[in-house]
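S.K.: A single structure is presented below for examination.
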């Protein structure tokens, strides 16, 4: 969520710093990227039940990490590749974007489910506030490429946590998922 909201909020400035001139063209680039954020949610809704939550989460984090790492590691990509990398990031963020609402409801036992989902959403919003506040400061201090690498690192942490701990809940009842261990066994 942290890189996603930062990109949502500062999209034209980020696209401008990565090679697309500021103004209308940067705003157009941001519109294209925003379209991919929306489009990524559509297949993710279907993939939840066809490939499952765990593969969707892991695959999404992997693609998001690669896209941001490319933006951070390669200078002067050219505007087409910058937009493609952001579009890949935006498209694949659809999975985690949908799962942030669904998955916590499936993972916690019924008696604490509402409280735990509230805590998870609160941490998500705190991360959003911090990233939105910190992004301009980090861009000024460390440069856009390093900020993209920080975003890639955050996505990589999400990937690692998902690989290690995310259980598959597809096809299970809420009672079954609420009784799972961290490794996903009922």
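Cβ atoms are placed via backbone N, Cα and C, with glycine included.
Just lifted these from TrEMBL, have a look:
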- 1-170: domain 'Major facilitator superfamily (MFS) profile' (DOMAIN)
- 27-49: transmembrane segment (TRANSMEM)
- 61-92: transmembrane segment (TRANSMEM)
- 112-135: transmembrane segment (TRANSMEM)
- 147-166: transmembrane segment (TRANSMEM)
S.K.: Go through 27-49, 112-135, 147-166 and flag the stretch with the largest number of C-beta pairs under 8 Å relative to the transmembrane segment (61-92).
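M.R.: Counting Cβ pairs under 8 Å, the winner is 147-166.
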S.K.: Other than its close neighbours in sequence, what residues sit by the transmembrane segment (147-166), given a CB gap under 8 Å and a spacing of at least six beyond its ends?
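M.R.: Residues packing against the transmembrane segment (147-166) from afar: 2-3, 6-7, 53-54, 57-58, 61-62, 64-66, 68-69, 71-73, 96, 103, 135, 138-139, 182-184.
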